[in-house]
Every structure is written in C-alpha cells, then in structure tokens.
Amino acid sequence: MTATILDGKATAAAIRAELRERVDALRARGVVPGLGTVLVGEDPGSAAYVAGKHRDCAEVGITSIERQLPATATQTEVEATVAELNADPACSGYIVQLPLPRGLDEQRVLGLMDPEKDADGLHPVNLGKLVLMQEAPLPCTPRGCLELLHRYGVPTAGAEVVVVGRGVTAGRPMGLLLTRRTENATVTTCHTGTKDLAAHVRRADVVIAAAGVPGLLTADMVKPGAAVLDVGITRVVGPDGKGRYTGDVAPEVREVAGWLAPMPGGVGPMTRAMLLSNVVEAAERALADR
Ligand SMILES: Nc1nc2c(c(=O)[nH]1)N[C@@H](CN(C=O)c1ccc(C(=O)N[C@@H](CCC(=O)O)C(=O)O)cc1)CN2
C-alpha cells in the first residue's frame with residue numbers, strides 16, 4: 001500500500017483563495033483585517049516562518065504589521081510591543097513567534113495579549129475556552145490537522161487516535177479538539193513518559209506525530225491503512241554540514257499508511273493557513289460587535 005498524500009500545500013492554497021473572498025467582503029464593509037507579528041531575536045527558522053506568514057497575508061489581502069526586536073530585548077520591551085498591538089485598531093489579531101529567546105518569560109508575554117486578538121489561540125483564556133468547549137480562536141497546528149483530515153474525508157468519529165507529544169502548541173490542544181462531540185475520537189496522548197510507544201501507535205487509526213524527535217515513528221509501528229500526520233519539524237545538520245528540517249515520521253511509513261501528511265508539505269502549510277483564518281474570523285467578529 002502507498003499512502004494517499006494529505007497535501008497541505010494544495011489545501012492551504014485552496015483555503016487562502018476562500019479567505020481572499022471573505023477579506024474582499026470585509027473590505028467592502030470598510031474593514032481591512034491586519035495580522036501583527038512579534039519576532040524577537042535572529043533565529044533564521046523563526047524569521048523564515050514570520051516572513052512566510054506575511055507573504056500569505058499579501059496574497060489574501062490582509063495588512064501586515066511587523067514588529068522585530070533584537071535578541072537582547074528585555075521583558076519590558078517585549079511587553080510594551082504586546083501592549084502596542086493590543087491597542088492598535090489596524091491589528092485584528094497577532095502572534096508572538098515562539099520560542100522567545102532564553103531569559104524571556106513566554107507565558108507572561110502570552111498572558112498579556114488581548115485574548116480577542118490572539119491569532120494563535122495560545123492565550124490562557126482561549127486554551128481554557130477550548131477545555132470548556134466554548135467558542136475561541138484555536139491553535140493553528142491542531143486546527144490545521146483537523147481541517148486536513150476533514151477535507152480528505154478521513155473519519156475521526158469512533159476512531160482511535162494516538163497523539164505523540166504533549167506540547168502546548170500542538171499535542172495537548174490536539175487531544176482536546178479531537179474529543180469534542182463534533183469529532184468524537186478516542187484519544188491517547190503519548191509522551192516521553194510512555195512505556196511502550198509502539199504498542200499504542202499500532203492500535204491507532206490516526207496518528208499525530210508531534211514529538212519533535214526526527215524519525216521517531218517507523219513503519220513497523222503503524223497499523224496498515226492508518227492516517228499519519230507528521231507535525232514534527234526539527235533542524236538537523238547533515239554530514240555535509242548543511243542544516244535541514246526533518247519530521248518525526250520515517251520515509252518508509254508511506255508504504256504502510258493509508259494517508260500521510262508529510263513534512264514538508266503537510267501540516268506546516270496548514271498551520272499558516274489556519275493563522276489567516278483566525279485573523280479573518282477576528283475581523284469578522286469585530287465587525288459583528290460594532
Ligand atoms: N507563535 C507561534 N510560534 C510557533 C508556531 C505557531 O504556530 N505559533 N509553530 C511553529 C513554527 N511555525 C509557525 O510559526 C511553522 C513551522 C513550519 C511551517 C511550514 O510550513 N513548514 C514547512 C517546512 C519548512 C519549510 O520548508 O520552510 C512544511 O511543513 O512544509 C509553518 C509554520 C513554532 N513556532
């Protein structure tokens with residue numbers, strides 16, 4: 001068996017085209033959605049992700065509001081930028097690119113964001129709403145995984161899902177999303193404390209690999225026909241000394257799985273598309289509240 005590829009790149013392009021129409025409709029009513037980004041430091045990966053987000057904004061008609069601070073920025077300076085974006089009427093939603101440089105208190109920064117403008121769904125109030133199953137912006141990566149499963153007709157109702165990884169941006173909220181009544185999956189979250197990872201994964205109809213451990217998921221661990229989504233993205237340095245990104249899923253999994261969201265080209269582009277969705281939804285909510 002060779003897996004059907006869950007093509008995040010093509011799906012994200014289709015979503016951007018749909019969002020373009022919603023942005024045009026907002027514009028016709030005098031509202032221009034704006035995405036703010038706060039990038040602290042010079043990490044090339046983070047800088048590339050932020051640049052990609054602004055390219056997407058240009059394509060869809062969302063205004064870009066870029067704030068860049070040096071790696072030496074103090075907690076007070078980062079918090080002042082957050083306060084500035086909270087107050088900026090042109091900014092419908094914004095993100096603080098993670099991770100922040102060492103020494104900065106990430107959770108404190110996220111907690112100071114206006115939850116209404118939290119385009120990443122990572123504010124404690126919005127994560128709390130996710131637990132309570134109340135409407136709120138959703139974290140982009142798990143939302144992107146779900147959207148990909150839906151658009152390819154991969155069933156979640158009654159499915160056994162194994163999420164590998166318990167991080168706040170992906171693994172933890174993924175479990176919460178999949179256990180909502182609308183998805184109705186049975187979820188097992190595996191992590192570094194899990195005794196027999198392979199035994200859990202072998203039972204799964206859907207596997208979300210979000211551990212950040214290159215090649216962790218091998219073909220022998222996957223039930224034939226299962227859907228596998230590779231959320232991992234780790235920078236490794238090859239024998240040639242050159243850096244590259246690698247996922248959590250070994251290449252041979254493609255021969256066993258029924259569906260595969262690869263890295264690159266699977267969940268990553270969907271993460272970006274879901275960020276745009278969150279911004280457009282924030283602008284639509286603001287218009288409705290006027
Ligand atoms: N504030 C946030 N910080 C971070 C998040 C996040 O959702 N919010 N997630 C990651 C980084 N990230 C978005 O910010 C992100 C990572 C990777 C991709 C992506 O499209 N990857 C490509 C592969 C890499 C490439 O070729 O450029 C892919 O999978 O095809 C998008 C977004 C951590 N920080």
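Placed from the backbone N, Cα and C atoms, the Cβ positions cover glycine too.
Because TrEMBL annotations are produced automatically, they should be read as predictions rather than curated entries.
If you check TrEMBL, you get these features:
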| type | residues | note |
| --- | --- | --- |
| DOMAIN | 6-120 | domain 'Tetrahydrofolate dehydrogenase/cyclohydrolase catalytic' |
| DOMAIN | 139-286 | domain 'Tetrahydrofolate dehydrogenase/cyclohydrolase NAD(P)-binding' |
| BINDING | G165, R166, G167, I233 | NADP(+) binding site |
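Counted over all residue pairs in G165, R166, G167, I233, the record's binders of NADP(+), the longest Cα to Cα distance measures 15 angstrom. Within 10 Å of the Cβ of R166 (NADP(+) binding site) there are 18 other Cβ atoms, across all protein chains. When the neighbouring Cβ atoms lying within 10 Å are counted for each of the binding-site residues (G165, G167), the highest count belongs to G165.
Checking the binding-site residues G165, R166, G167, I233 for a CB within less than 6 Å of any atom of ligand 1 leaves I233, listed in sequence order. Around I233 (NADP(+) binding site), the same-chain residues at least 6 positions away in sequence with a Cβ under 8 Å from its Cβ are G212, Y245, T246, G247, M263, G268. Residues of the domain 'Tetrahydrofolate dehydrogenase/cyclohydrolase NAD(P)-binding' (139-286) grouped by DSSP class, helix first, strand second and coil last, total 54 helix, 31 strand, 63 coil.
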